Amino acid sequence: MNDLFSLAGKNILITGSAQGIGFLLATGLGKYGAQIIINDITAERAELAVEKLHQEGIQAVAAPFNVTHKHEIDAAVEHIEKDIGPIDVLVNNAGIQRRHPFTEFPEQEWNDVIAVNQTAVFLVSQAVTRHMVERKAGKVINICSMQSELGRDTITPYAASKGAVKMLTRGMCVELARHNIQVNGIAPGYFKTEMTKALVEDEAFTAWLCKRTPAARWGDPQELIGAAVFLSSKASDFVNGHLLFVDGGMLVAV
């Protein structure tokens with residue numbers, strides 16, 4: 001049974017993984033035996049994250065590149081495949097958030113959100129899955145959101161990007177499943193992270209969240225690891241095009 005969830009011998013590339021949820025997933029997946037390929041836009045942050053993983057006894061290497069620049073992505077993926085090893089699992093985690101009322105949202109910030117949260121998923125997935133198709137094996141995990149299904153004030157571009165990633169997940173599944181590639185998404189609910197720090201400190205919002213969520217609390221980021229291990233392992237070999245909500249029941253409550 002343990003082998004069902006083992007990631008020993010697997011190479012997992014996680015975008016935006018030098019900090020935050022990405023680094024948490026890197027640590028969790030690494031403890032199940034995977035070699036983690038840390039990505040960040042800066043080499044310094046990526047190398048620092050690798051050092052931290054090494055201190056935990058986790059195999060890790062750095063692969064710094066900008067997830068919005070196709071030429072950097074293509075070069076980095078070719079380097080990884082040639083010099084590090086085949087990418088068995090890709091986790092599209094990199095993301096940003098910007099907040100403004102819809103009618104005042106700056107066009108450049110809209111473009112930034114779409115570039116990082118949506119277009120980067122397409123570009124990185126395209127580069128990586130070309131190799132997976134050749135091998136007839138691979139897994140892609142797209143980090144989605146509650147906003148893949150629900151809207152919220154001041155973050156319309158974010159919701160638009162995450163809704164698009166949900167449909168990208170399904171479209172990729174339809175095209176890639178025949179090549180033994182599983183493409184799924186994880187949709188976190190409200191977790192205590194750097195990105196949500198302002199909301200966590202907002203007493204009124206926290207009170208609303210606890211009332212709105214059947215579990216009646218914020219999520220602990222550690223609670224995302226199990227979903228990532230499942231979707232990275234052979235336990236999920238016939239799970240495809242699925243969006244796994246880790247949200248304390250929030251989506252199903254009215």
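Including glycine, each Cβ sits where the backbone N, Cα and C put it.
Non-local contacts of Leu13 (NADP(+) binding site) by the CB criterion (under 8 A, 6+ apart in sequence, same chain) comprise Ile37, Asn39, Ala63, Ile80, Ile87, Val89, Leu90, Val91, Val128. Per Swiss-Prot, NADP(+) binding site is recorded for 13-37.
Here Swiss-Prot flags Ser145 as substrate binding site. Remark: Ser145 (substrate binding site) has Tyr158, Ala159, Lys162, Ala187, Pro188 as non-local neighbours, by Cβ distance under 8 Å and separation of at least 6 in sequence.
The annotation active site, proton acceptor is assigned in Swiss-Prot to Tyr158 on the grounds of sequence analysis. DSSP assigns Tyr158 (active site, proton acceptor) to a helix in the three-state reduction.
The secondary structure of Ile21 (NADP(+) binding site), as reduced to three states from DSSP, is helical.
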